[in-house]
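S.K.: These came from TrEMBL, pasted as-is:
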- 196-215: transmembrane segment (TRANSMEM)
- 221-246: transmembrane segment (TRANSMEM)
- 287-374: domain 'Kringle' (DOMAIN)
- 391-414: transmembrane segment (TRANSMEM)
- 434-460: transmembrane segment (TRANSMEM)
- 599-621: transmembrane segment (TRANSMEM)
- 662-684: transmembrane segment (TRANSMEM)
- 690-720: transmembrane segment (TRANSMEM)
- 727-748: transmembrane segment (TRANSMEM)
Amino acid sequence: MVPCDSCRSSYQFSDITSVSSLQSTVQGKMEELRGSVSAGSLFSPAGNNGDVFTNMWQEATKYFNPVCLPDCNTNFDTANSSTSARSWTYEMAADNPLATYWEMLKTSGALQATINDQFTFKALPLSHCPYGPSKCVPMPGVEFNAEPLNYCSFKMSSDVISAIGSGAASTLENLGSAVFTESETFGKLVGDFERAIDAFLLTAFCCFIIGFIYIVLLRFLIGPCVWCAVLLVQLSLILGGAACYIKSFQCAGSSIFETGQQVAVAVTVTVQVAATNAATGSEATSEALTGDGADYGGVQYRTKSGYACETWGSGVASSYTNPPYTTLAGAQNYCRNPYVATQTNKASTIWCFTTDPQTRWEECTPVGVIQPVCASGYAVTSEEVRKVLEIAGYVVWGFAFIYWLLVCCFFDRIQLAIAVNKVAATFVSHTMRIIGVPIVQAVVGILWILLWGVSVSFLVSQVPADYTPTGAYTTYLEAYGSTNTTGACTDKWPTGSVYKDEDNCSLAVSSWRDMAAVEGVSDEVPLSVSFNGQENFDEFSFGTTPSTLPLANASLPALLVFGAPTVAFDNERHGFFTPNAEKGKRGAIKTSVWNVFRYHLGSLAFGSFIIAVIQFIRYLMNYFEKQAKAQKNRVMALILRCLQCCMYCFEQCIRFLNKNAYIQIALMGTNFCTSAKAAFFLILRNALRFGTVALLSTMVNLIGFFFIVAASVGLGYLFLQALHPDMAFVIPLLMYAMMAYVVAKLFLNVFGLAVDSTLQCFLACEEMDLLGDFVPGEMSKWLDKGHSIEDAHKKDVP
């Protein structure tokens with residue numbers, strides 16, 4: 001290596017001209033960094049380090065290690081002077097390109113003594129900083145202020161304030177605190193929510209009230225809700241097609257709403273002019289326009305934005321008369337481009353003064369021109385993409401037309417779906433105690449999950465002694481691997497992380513280790529977990545015992561089903577089959593629960609066992625996919641992911657069939673297999689009815705979710721403003737929304753299952769020709785023929 005004529009650092013210090021100057025410069029800088037001199041000189045622009053640390057505060061999280069202190073008033077000088085204080089001598093990492101030269105400077109040359117004397121730092125004792133000494137070196141001149149929630153903010157010491165002034169010190173404090181505040185924003189917001197728990201409890205109470213109100217309102221508003229939902233779908237298709245069509249010719253610099261407004265104005269004026277001509281028998285006026293439109297003689301009287309034109313020669317257009325503007329002869333209030341040949345300022349197209357006082361004038365387009373002419377090009381530059389958007393608009397409009405035809409054709413089925421939803425809403429509002437069933441089940445489910453989680457955590461934490469690599473590796477690639485190769489610490493899932501051990505290097509070059517093998521951690525609580533055949537068997541046997549996971553999977557919907565229609569043909573009728581005069585007066589919850597545990601517990605467990613097996617297979621595939629990813633086997637990982645998607649779809653189908661099978665069990669009292677078969681063929685025979693009811697019920701559920709969540713969040717915001725006006729509202733409102741979603745799910749699940757149960761009861765009555773005083777008035781016109789339910793006991797009803 002040949003040195004250059006002048007050595008200048010990245011901070012543009014002056015050239016070092018002699019060995020003594022070099023020693024003095026290094027010693028002066030290090031004394032400030034070690035705190036051997038007044039801390040004020042470290043931050044002073046006149047100090048040996050100049051203004052280096054002014055910029056450092058903008059990256060405080062990079063240069064400072066957050067640690068836990070006994071309190072914010074901890075005195076570093078006192079702590080460092082205690083007998084338990086530590087020291088740390090700077091060592092350059094073995095894989096640093098300059099490490100060789102650093103060792104040469106330490107063992108020989110003019111800087112040997114300076115480096116050995118000046119590069120040893122005081123470190124806080126373990127009682128103050130329970131990390132390696134390299135991470136516990138205090139910053140000279142830095143103290144702390146106590147903040148809420150036991151946080152400490154930056155504060156400059158008195159020496160620093162004396163050296164740079166209170167204003168500059170305050171600026172440094174704010175810079176450092178701002179950086180850490182950004183990194184701790186989420187934690188502080190969560191702390192705000194914790195302090196606003198009173199507002200949360202009020203909102204939670206009101207959320208349940210809102211849920212009850214919605215269920216009660218459904219009795220009276222289910223029809224308007226359904227038809228509004230139907231119209232919203234129709235409107236969405238129309239607007240979606242319009243958006244694609246308008247986007248296909250949207251001009252650059254114009255918004256899609258502005259372009260849409262222009263198209264709407266053009267279409268409206270064109271239709272209006274055509275209707276007027278047809279009514280009066282007049283011939284259509286030529287709308288030809290060439291060049292700048294000076295020869296235009298059409299009847300356009302609206303601007304691009306729809307403003308009406310002012311009559312030429314009056315109002316704001318009083319100076320435009322004929323003459324001198326000969327083209328205004330008979331122009332009335334039609335758009336024109338009037339000018340005389342000697343004028344230099346001429347419009348580029350037809351225009352008019354408007355009658356709107358906020359818009360003095362605006363350009364126009366001829367009648368019949370729907371798509372605007374884009375002089376500056378289109379918003380979508382590709383002609384092929386514009387054509388695709390135009391075709392997509394026509395296709396979506398075609399779907400809108402087909403949807404309208406389907407609504408007309410299936411009008412009777414929509415009416416039936418409304419009646420089913422109304423009967424279900426009436427049942428839920430009459431039997432509000434049924435809401436307590438999923439609440440109790442949710443509590444049982446939470447307790448079950450806690451027990452299961454503790455047990456599984458114990459099983460998977462039984463890590464073999466050789467599972468976690470405890471050795472050190474020379475390179476990051478050898479320890480962690482790359483995109484296509486595995487590393488010693490990442491060759492199996494769960495995949496650990498690696499770190500560079502600079503405090504306890506045991507290799508000559510470098511020391512990369514598995515994070516789970518950190519000294520003092522791996523001996524007590526291994527961070528890695530393992531999965532093998534024994535753990536999988538234990539998890540499956542524990543999770544699929546008929547008295548545990550299957551009940552957790554299916555007992556909630558089953559109890560709700562049995563709480564809705566109950567057994568149809570016993571001596572004491574409940575739910576749908578309750579006489580109309582007694583509906584809302586006769587309780588069915590106790591009888592339903594008794595029927596579940598007395599007669600149908602095996603069917604309940606068997607159906608749930610099927611779901612549990614499918615879930616276990618899907619989770620097992622997920623585990624194998626993780627292992628394939630760890631082994632960098634992309635093909636196998638992709639295959640397993642596709643299989644998981646197939647298993648998920650299969651699981652959803654089985655869940656749907658299970659739910660309807662449970663309803664059949666409650667309705668007919670048959671076993672699970674017989675009920676599942678009956679439910680399958682019932683759905684097959686009435687696919688359109690099930691589809692219509694499912695679609696409309698989904699719409700009603702969406703409206704319910706929006707109503708409950710929006711009302712709850714709105715009330716929560718008012719409570720928060722009243723009780724804690726100075727508090728950040730982001731996290732509290734997010735928690736209110738999550739809580740409202742759970743409550744809405746609770747109410748609407750009950751309602752949804754009541755809808756499905758009501759539909760099956762109706763279909764049973766229809767197929768068995770049953771009629772009696774139990775038929776709700778909303779469904780009487782579909783069951784106007786049949787025999788009484790009492791006669792069903794005399795027949796061999798299938």
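Quick reminder: no glycine exception, Cβ is built from N, Cα and C everywhere.
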S.K.: For the domain 'Kringle' (287-374), would you mind checking the mean pLDDT of the predicted model?
M.R.: 88
S.K.: For the domain 'Kringle' (287-374), what does DSSP give as the number of helix, strand and coil residues?
M.R.: 6 helix, 11 strand, 71 coil
S.K.: Report, as numbers and ranges, which residues of the same chain sit near the transmembrane segment (391-414): CB under 8 Å and 6 or more residues beyond its ends.
M.R.: 226, 230, 233-234, 237-238, 240-246, 248, 688-689, 692, 696
S.K.: Between the stretches 196-215, 221-246, 599-621, 727-748, which one has more Cβ pairs under 8 Å with the transmembrane segment (690-720) than any other?
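M.R.: When the Cβ pairs under 8 Å are tallied, 727-748 comes out ahead.
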S.K.: Mind checking which residues of the chain, 6+ beyond the ends of the transmembrane segment (196-215), have their Cβ under 8 Å from one of its Cβ atoms?
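M.R.: Distal contacts: 425, 428-429, 432, 435, 704, 707-708, 711-712, 715-716, 719-720, 723-724, 727, 732, 735-736, 739-740, 743-744, 746-747, 751.
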